[in-house]
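Novice: Encoded as structure tokens, here's the structure I'll be asking about.
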Amino acid sequence: MKFPSFLSLGIAASTTALAALPDQKPIGDTIADVHLGKFLIELAPGDTRWVTEEEKWGLKRDGRKFFDITAEVEQNLFPRAFAKTAVTFPTDLHRTVEVMPLAAQLSKDNMFSHLTTFTSFHTRYYKSETGIQSATWLMKQIQKTISSSPASNARVEKFEHPWGQFSIIATVPGQSNKTVVIGAHQDSINMFLPSILAAPGADDDGSGTVTILEAFRVLLQSEAIAQGNATNTVEFHWYSAEEGGLLGSQAVFSKYKQDNKDIRAMLQQDMTGYSKGTLDAGELESVGVITDFVDEGLTEFIKKVVNGYCDIPFVLTECGYACSDHASASRFGYPSAFVIESKFEHSSQHIHTGQDTIETLDFNHMLQHAKMTLGLAYELAFADI
């Protein structure tokens, strides 16, 4: 996600702390460096440049967002040539009778417990050893969630990447191959020294990670979902390397496009836990529905989901080009949407630093995101889309 407007750590303070921190030796380079160690990034449609890795972090420190499209060059992919999947979304909610009792099972305690452990890894930087360890821990929690549910056909798999940390995909088969995707990114980063300094990443995006995990747990408690009677298949994704330029999600959706996978909708949950910025601004607590670079029809339906299943309203906000993993789905022609914790300008200023800790989060607010996620997943699982 974005970089905070203030630089509270300070380079001098960061350097002083280095000796006390564990060694985070990078696993290896990302995708092959075809330009002498540089990477091709896209900051806006058609605005590309070759940069070093340090220049990537410098851009992010300045609040610039981008795709790292080096892999497209290597694989001769041309995403803009892909036809956009045309989907007509429902005009109203049809599953409130089933969803409301499920939503009552969502647990703040579960999210707190999972996030406490998830933020205890020194960093979840995608090229670090602890980034692999955190992904391994997360995958075990997802497998436990499946094993303790009645959904015997549900499964979880690694999606491997060359940089170390893998993405994770959990699948709940339905009656068709039409697929609804719920996503979050599991990696974290400290923008001062990514491979060395602590990056608890509680809000960005530990909050989204545990929010969709809790929605996944409760979704599997539905007898109709567990028995595979939903009209559509539902997948939950936890992406690696979002902070490096949406690398993990691009790899996933590129593979899906090459495999002709029928993705009908994708919702991203990135930063779901910070409400203080909104309240400090004297505004009502709300969730932020992103309106730029998203699918209009899916976004309109999400507004109905928030109104129907959440206890707080939505506000409309923008986050810019390539601002989270939903942009990768859009890039490869799939309808996508993004809901964040607030208006973009009121979102957490602690991210990408060592201060992005669990103490800054509001788990009641995260529960609202979990309700929205569960409601959307269930509604679209049974929708004719």
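Positions of Cβ are set from backbone N, Cα and C atoms, glycine also.
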Novice: Which one of Asp109, Asp262, Asp270 goes with His185, Asp204 at the Zn(2+) 1 site, as Swiss-Prot has it?
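Specialist: According to Swiss-Prot, the candidate sharing the Zn(2+) 1 site with His185, Asp204 is Asp270.
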Novice: In Swiss-Prot, the Zn(2+) 2 site includes Asp204, His352. Which of Glu157, Glu160, Glu243, Glu318 does it also list there?
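Specialist: So the Zn(2+) 2 site in Swiss-Prot includes Asp204, His352 plus, from the candidates Glu157, Glu160, Glu243, Glu318, Glu243.
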Novice: State the count of C-beta atoms found within 10 angstroms of the C-beta of Asp204 (Zn(2+) 1 binding site), not counting that atom itself.
Specialist: 31
Novice: Taking the Cβ of Cys319 (disulfide bond) as the centre, how many other Cβ atoms fall within a 10 Å radius?
Specialist: 24
Novice: For Asp204 (Zn(2+) 1 binding site), find which of the recorded positions Asn229, Cys319, His352 come within 10 Å, Cα to Cα.
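Specialist: The recorded positions close to Asp204 (Zn(2+) 1 binding site) (Cα within 10 Å), listed in sequence order, are His352.
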Novice: Could you round the CA separation between Cys319 (disulfide bond) and Asp270 (Zn(2+) 1 binding site) to a whole angstrom and send it over?
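Specialist: About 11 Å separate the Cα atoms of these two residues.
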Novice: Under a three-state reading of DSSP, tell me whether Asp204 (Zn(2+) 1 binding site) is helix, strand or coil.
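Specialist: The residue in question, Asp204 (Zn(2+) 1 binding site), is helix (DSSP, three-state).
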